[in-house]
Amino acid sequence: MSCESCLPALSCRTSCSSRPCVPPSCHGCTLPGACNIPANVGNCNWFCEGSFNGNEKETMQFLNDRLASYMEKVRQLERENAELECRIQERNQQQDPLVCPAYQAYFRTIEELQQKILCAKSENARLVVQIDNAKLASDDFRTKYQTELSMRQLVEADINSLRRILDELTLCKSDLEAQVESLREELLCLKKNHEEEVNTLRCQLGDRLNVEVDAAPTVDLNRVLNETRCQYEALVETNRREVEEWFTTQSEELNKQVVSSSEQLQSCQAEIIELRRTVNALEIELQAQHCMRNSLENTLTESEARYSSQLSQVQCLITNVESQLGEIRADLERQNQEYQVLLDVRARLECEINTYRSLLESEDCNLPCNPCATTNASGSCCGPCGSSKRCC
């Protein structure tokens, strides 16, 4: 930035310097800072009425120096700002963007595995139910077998007792038959002895003695034996019938008792089986609930671990972003402070430029617009440029 753009009020004076009344020595020297203002303007006689004093020259020199340093500082800050922007862009390009890892595929795999685990658990529970049903059926068949076995043992015991009774009756019958045979043999012996005695007596007495004896009529032993046999057979038949009736009644009562006890036993066994089924069903349900609770606890633990890991990753990401945001804020704050400093410097420089401009405008107002005409009117010369020369 040059002084000509900052100080447009100097155009009148710079145009006047091109006139021939101004000595050549007045055009060579300029102020520091390339303001194109003649430094020896106070040496000309035509400038004697509106010349600057020493303080104004020092002020203009100071303002030119400040303006030059300000422009240099502005250029330096622009260069530093460009360097910082390049460094920020390089750093952003070098840093890899923080991308959250994709867990969707793992989540799908985990969900598929959880579905498979649930299917396997349901299949396991179904197999456990089938095994328990098979155990219940085997228990039912075992109880039925034990019931039939106990009934068979009872029937075999009854048959054995009846066989013992039959053996006793057979022995009794054989004893009675033996007694009948012994009585028959005894009767035959008695008949034979009686006939022998009668024959001996007849032989002793002969025909000499004929004794008539009023005796009881002879008894038919065969008839008596037959009657006795009939009586014993009737007695045996009666005893057999009574024993058979007693056995039948006892068997019926025993069968009734066995049937009633078997019915009671079957009802009790049915109740026991039903209670066992209920208990097994409740145990199966309890086991299923335990398995479900364990699976839910495992799922909850896995979910907590997964979400805690995700939360830690997100927290790390947030921490990194916050740190970067803090750095960016610090950079922005620093740049804002520098900008505020620059704004303050600019405001001060603008204030100084305005002061400088007001001073120049006041000096321009004090200077005549055509100094050559003024000197012609007064009839004076231009001082050191030559006393015999006129200014126009």
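Including glycine, each Cβ sits where the backbone N, Cα and C put it.
As annotated by Swiss-Prot, region 'Head' applies to 1-56.
The feature domain 'IF rod' is assigned by Swiss-Prot to 56-367, with sequence analysis given as support.
Residues or ranges marked as region 'Coil 1A' in Swiss-Prot: 57-91.
The annotation region 'Linker 1' is assigned in Swiss-Prot to 92-102. Mean model confidence for the region 'Linker 1' (92-102) is a pLDDT of 67.
If you look up Swiss-Prot, you'll see 103-203 marked as region 'Coil 1B'.
Summarising the annotation, Swiss-Prot assigns region 'Linker 12' to 204-219.
The region 'Coil 2' annotation in Swiss-Prot covers 220-363.
Among the features that Swiss-Prot reports, site 'Stutter' is placed at LEU275. LEU275 (site 'Stutter') falls within a helix when secondary structure is assigned with DSSP. If you draw a 10 Å sphere around the CB of LEU275 (site 'Stutter'), it holds 10 other CB atoms from the protein chains shown.
Annotation source Swiss-Prot lists region 'Tail' at 364-392.
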